[in-house]
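Novice: This is the structure I want to talk about, given as C-alpha cells.
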Amino acid sequence: MLLSFAVFLLLLLLGMPVVFAIGIGGLVFFLTQPGLQLTMPVQLALAETQNFSLLAIPTFILASNLMNELGVTRRLLRFAHVATGFMRGGLAQVSVLLGFLMGGVSGSAIADATMQARLLGPEMVRRGYSRGFIAALQGFSGLLAVAIPPSIGLILYGSIGQVSIGQLFAGGIGVGVLLAAVYMLTVALLARSRGYLPETAPPTAKEVGAALREGFFAVLFPFLLLAALRFGVFVPSEVGAAAVVYALLVGLIYRELSLERVNRALAHSVRDVGMVALLIAMAAVLGYGMKWEMFPQQVSAFLLEAVQNPQVALLLILLALLVLGTVLDSTVMIILLTPILVPAAKALGIDLVYFGVLMVMTCAVGLLTPPVGLSMYSVCSVMGCSIGEYVREGWPLLVATLLVLLLVYLFPGVVLFLPRLLFGGGV
C-alpha cells in the first residue's frame, strides 16, 4: 500500500491530473498484490458509480445549474443589494450575503466564487476596491456554499460515510450563518480602515418587501429541502429529483424558462457530474487497497492508543486536513478520507454529523490557499490579479475562517443545535 501512495504522490508532483494519479496508484496495488485479479479495478470502479446513495449528487447538481440559469442569481443579487448595500463597504457586504444566499442554490464553492467575481468584480473595481481584495472576498464568500444546503461536499460525505444527509444539511446551516456573520464583521472593519463607503441609503420596508418577493422562491429552496427530509416526504436521492422539478417551476414563475437555458444547465451538469463520478470511480480502486490492508482500523487503533482524548484526536485530524488541503482538492480528500476517518471518529465517540461538517469545511479551506487552491486560481483569473496580491489582501478573511472553525470545534452545539431540534439528535 505504501508503494501505491508513493506512486500517487509522485504522479501528483509530476503534474498528472489527480483523478488519473489516484487510479494509477490504485492499479499499482493490484499489480503488486498476489492473488488479486486485474479485472477487479474495473469492476470496483463501475460498482461504486452505481451506488444508489450517490444518486442525490447528479440531481442536486442539475437543480443548482437550473436555478442559476433561470434568473435566480439576478434576483438574489437584487435582494442582497437592498439588504446590505447601506452598510459600510456596501458592495463587499453584498458579496458576503450573496455568497450565503447562492450557497442555498449551487452547493459549489468554486462555481459561486467564479460567478460572483464576474458579477460584482467590475463594479467593485470602479468603486475603488483593489483587485486582490475583490478576488479574496469572492473566493471566501463562495466558501459559504460548502456549509449551506445543498452542499455537494456534505452529500458526498453523507453518501460515502452512511451519515444522515438531512442532519448534515441542518448542521451546516449553523456554521454557514456564523461564518457569514464573521465575514461581514471582518469586511466592516476593513471598510472602516480603508474608507469603503455604503452604496445606498438604508432601505424602506417597501423596498425590502419588494426585493424579498422577487427572491422568495430562491431563498426558500434550502428550507424546503430540510423540511422534505425532516418529515420523510423524500429520501435524499428523491429530494434531489424534487429539487429539479422545483427549479423548473421557479423558472416558469419567473418567466425565464426556455429550452436554450435548460440545455445549458444540462451541459454544465453533465460536465460537473462526470468529474465527480470519475473521481469516485478511481477512488474506489485505491480505497479497496486501503480496506484490504485494514487501513481504517489501523488509524482508529492508533488514535485510540496514542491519543485517548477524543477532542485532542479531533484537533490532530483537523490540523492534518488543513495541511493536506494545501496540496489536494477538497472533493478528492472527502472521497478518499471519509472511509478512513468515519470509523476512527465513531471509535472515538465523536458525533458523525458534527465531525462531517467540520471535516468538509476544513477540507474546503484548501480551495482558497496556495499552491493548489482551485477557487483561488479561478477568482484571480477572473479579476486579473496575481496570487501575491490575493494572499496579501485575503489573510484577514483566512484568519476569520480559521477562527470560525475553532469556535465550531470548541462548541459542537453550533453544528448540532438544528439537527437535534429537527431530527432528535446526531448520528
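Residue positions begin at 1 at the first shown residue.
The backbone N, Cα and C atoms fix where each Cβ goes, glycine too.
No curator has checked TrEMBL annotations; they are predicted automatically.
So TrEMBL lists these for the protein:
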{"type": "DOMAIN", "residues": "5-413", "note": "domain 'TRAP C4-dicarboxylate transport system permease DctM subunit'"}
{"type": "TRANSMEM", "residues": "91-111", "note": "transmembrane segment"}
{"type": "TRANSMEM", "residues": "132-157", "note": "transmembrane segment"}
{"type": "TRANSMEM", "residues": "169-191", "note": "transmembrane segment"}
{"type": "TRANSMEM", "residues": "211-233", "note": "transmembrane segment"}
{"type": "TRANSMEM", "residues": "239-257", "note": "transmembrane segment"}
{"type": "TRANSMEM", "residues": "269-290", "note": "transmembrane segment"}
{"type": "TRANSMEM", "residues": "310-336", "note": "transmembrane segment"}
{"type": "TRANSMEM", "residues": "348-368", "note": "transmembrane segment"}
{"type": "TRANSMEM", "residues": "398-418", "note": "transmembrane segment"}
Novice: Quick one: do the transmembrane segment (398-418) and the transmembrane segment (269-290) reach 3+ CB pairs under 8 Å, ignoring pairs fewer than 6 apart in sequence?
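Specialist: No, since the transmembrane segment (398-418) and the transmembrane segment (269-290) share fewer than 3 Cβ pairs closer than 8 Å, they do not count as touching.
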Novice: With an 8 Å cut-off on Cβ pairs and a sequence gap of 6 or more, do the transmembrane segment (169-191) and the transmembrane segment (310-336) reach 3 or more such pairs?
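Specialist: Contact between the transmembrane segment (169-191) and the transmembrane segment (310-336): absent.
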Novice: For the transmembrane segment (269-290), what are the same-chain contacts with Cβ under 8 Å, counting residues 6+ beyond its ends?
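Specialist: Residues packing against the transmembrane segment (269-290) from afar: 1, 4, 8, 18-20, 22-23, 25-27, 29-30, 33, 40-41, 44-49, 54, 57-58, 61-62, 65, 108, 152, 156, 296, 331-332, 335-336, 339-340.
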Novice: Within the same chain, where does the transmembrane segment (239-257) have neighbours whose Cβ lies under 8 angstroms from its own Cβ atoms, ignoring anything closer than 6 residues to its ends? I mean 6 or more beyond.
Specialist: 55-60, 62-63, 66-67, 69-72, 75, 150, 217-218, 221, 224-225, 228-229, 233
Novice: Kindly state the mean pLDDT of the domain 'TRAP C4-dicarboxylate transport system permease DctM subunit' (5-413) in the predicted structure.
Specialist: 86
